[in-house]
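Q: Per TrEMBL, the features are:
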- B:20-42: transmembrane segment (TRANSMEM)
- B:54-74: transmembrane segment (TRANSMEM)
- B:86-114: transmembrane segment (TRANSMEM)
- B:90-383: domain 'ABC transmembrane type-1' (DOMAIN)
- B:126-148: transmembrane segment (TRANSMEM)
- B:183-201: transmembrane segment (TRANSMEM)
- B:221-243: transmembrane segment (TRANSMEM)
- B:263-282: transmembrane segment (TRANSMEM)
- B:302-321: transmembrane segment (TRANSMEM)
- B:364-386: transmembrane segment (TRANSMEM)
Amino acid sequence: MKKLITLAAGTATLLGTLMAGNAMAATTLDAVKQKGHLQCGVTSGLPGFSQPDDKGHWTGIDVDTCRAVAAAIFGDAEKVQFTPLTAKERFTALQSGEIDVLSRNTTWTLTRDASLGLNFTGTNYYDGQGFLIKKDIGVTDAKELNGATVCIQAGTTTELNLADYFRANNMEFKPIVFDTSEQTVQGFASGRCDVLTSDRSQLAALRSKLADPSSAVILPNTISKEPLGPVVRQGDDQWFNIVKWVLFAQINAEELGVTSENVDDMKKSDNPNIQRLLGTDGDMGAKLGLPADFGYKIIKEVGNYGEMYNRNVGPGTPLDLERGLNALWTEGGIMYAPPMR
Amino acid sequence: MNDTNPPLQPSRSKPWNDPRVRAIFFQVVALAVIAWSGWTLIENTLANMESRGISTGFGFLDQSAGFGIIMSLIPYDATYSYGRTFFVGLLNTLLVSAMGIVAATILGFIVGVARLSSNWLIAKLSLAYIEVIRNIPILLQIFFWYFAVLRSLPTPRQSVDVGGVFFLNNRGLYLPDPIAQPGFGWVEAALVIAIVAVVVIKRWAKKRQQATGQIFPTVKVGIGILIGLPLLAYLVTGGPLQWDVPALKGFNFGGGITLIPELAALWVALTLFTAAFIAEIVRSGILAVSKGQTEAARALGLHNGLTLRLVVIPQAMRVIIPPLTSQYLNLFKNSSLATAIGYPDLVSVFMGTTLNQTGQAVEVVAMTMAVYLTVSLLISFFMNLYNRAAALKER
Ligand SMILES: N[C@@H](CCC(=O)N[C@@H](CS)C(=O)NCC(=O)O)C(=O)O
């Protein structure tokens, strides 16, 4: 009943906004400034991406993506409030205006981009779907999973990829669909399923939650492309541009070697690219409706993309993920941002 | 002359002075306002959705769904349409609700009567059950049963095996599936004949008892006929049934019928929870029947069981039915908690996966709510019919 109510309430709010006449509100940027903070939709708890600690302070790469937007607007990365959302609730929350940005481990797909009235602003993590399986089953490749029972989370691309993969390989499976990743892991741990499937970045973290992590292994197969990134409502191009270019600024900063530590020195740099990024030259900020030094504030408060990555999911963190695809294009990855000029 | 002020002359009274005409007029106006508002809201919603780039319409129902569902009462796989997922979910919701309503009613009546038992232990046990169950949120109970059940069951390879035909493991209870062979129609026909026969015998027995006072053992004979006749047909036609026995294949058992743990846990939780409320309703219903009735029945020489069955319960029903209806409605609505443990009910399948794959929140939620509303109204409707049948008839 509770789920029915939350989802129905979300839809009711959405319906409320939709039924109201066309009193088009001011721009999202104005509304955010007026509120004094950014409202950002995140997961209900996913290590490395968005997770609250015991004091209610949120950390993660998706969280930092929102903090960077707040830093750009307010010059203060703390002016964000977070709304935890399940996979099912997320899009309704954005459509209804409950949140300003959705930064919740969300895969960019055509259907989501084109039919939900939403826009993806970029990719802050390139992921792919994988499998976690009980070791004693003895399977070493996903192609051997015919007939398996699979635990998945509702409302995700994971659900669809799974069906596609099994169909394409002429295999059968039984899906057990849970609402949160917590329940999904419990279902797997209690033996209800042979396999758990989710974005690969999560498998290691989910595995570490098991009573005996060594009882499960991650299969080598990656069965899908999961470009994860922030999402905004369609129809406010200024806001779309802001969220898009905040992430680009972080990626460009890494490419230019600007970090939160050296950013004050870099202000004196005579590299025109760095000058435009930090606002010591040009009017990049004004074009977006942001303060001239928005780039400086982002890097100073949150750091460049690489710093954000290493702090939350990189080697040495509990997720311990190599950069891989997420390395800069100059270093063998595909992280690439258009020039700021 | 008096014609300046003719008393109550119909030809002269204006229609707006007629209270009946006025009432109709205002109702028409009210209706028009409501219809207009509704229309404007729908128009506005559609226009706004369009301007925000949100897809609208029910065209998605024909598209292929592309996802699997663990349990379906009708044929289904990923190639079926989104529209089909609606019916798969709906039937699963109705199944668990119907199972829950039947079981909760039986258990609730037993506990309710036991609560009034003169046996101290039985009465206190029933009281403890009611108080514990009623005061723990249903969602917690569902989780409890689900994980308690799952964790205590063995893995498929260590299944509990009963005679090589029944298997129990943490994927569910596997039963052999009877598959009708040609000739099975005779057995079905025999069952229909048996049912008709029992109804006729019951009528006849009642009449005879009213006329002569002789009691006919209707129940025993009825059961005999219901089992005996189809069995006879089955044997005569040479046993036209084949059993599809489940067997371990790869990861799990295949073939046979599976009762999945999600269904079992949800059923148990809904039954136990609702039965506690029904028990209290039954108790209050029985207490509402005046003591004189029991005493009179005793004076006529009826023993305890008959007093309860023939005198007390029928009168208590008049008090019990209305609150019982709302318990049935609660159970039906609580069944949507299924999504928490992955039982594929309407909310989990249609308002969960289908909504997310298509993004058509307004349409999907509207359809889901329409179902809950319709089924709830149907439950109320039939319970009201039953209530009317049970109500005191003034003769
Ligand atoms: N990237 C996929 C999956 C997103 C997703 O929901 N991921 C899970 C873990 S793989 C999650 O965030 N769970 C946390 C929660 O339920 O709050 C999508 O966009 O559909």
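Any Cβ shown, glycine's included, is placed from N, Cα and C.
How buried are these features, and what lies next to them?
A: Residues 111-112, 114-115, 117, 261-262, 264-266, 268-270, 272-273, 275-277, 279-280, 334, 337, 340-341 of the same chain lie 6+ residues outside the transmembrane segment (B:126-148) yet bring a C-beta within less than 8 angstroms of a C-beta in it.
Outside the transmembrane segment (B:221-243), and at least 6 residues removed from its termini, the chain residues within Cβ reach (under 8 Å) are 165, 176-184, 186-191, 193-195, 197-198, 201-202.
Only residues 6 or more beyond the boundaries of the transmembrane segment (B:263-282), in the same chain, are considered here, and those with a CB under 8 A from a CB of the stretch are 71, 95-97, 99-101, 103-105, 107-109, 111-113, 115, 126, 129-130, 133-134, 138, 141-142, 144-146, 149, 172-173, 316, 320, 323-324, 327, 330-331, 334-335, 337-338, 341, 343.
Within the chain, the transmembrane segment (B:302-321) has long-range Cβ neighbours (under 8 A, six or more residues past its boundaries) at 113, 281-282, 284-286, 288-289, 293-294, 296, 383, 386-387, 390-392.
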Q: Does the structure show the transmembrane segment (B:364-386) and the transmembrane segment (B:54-74) touching, where I'm treating 3 or more Cβ pairs under 8 angstroms (sequence separation 6 or more) as a contact?
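A: As far as Cβ distances go (cut-off 8 Å, pairs 6 or more apart), the transmembrane segment (B:364-386) and the transmembrane segment (B:54-74) do not touch.
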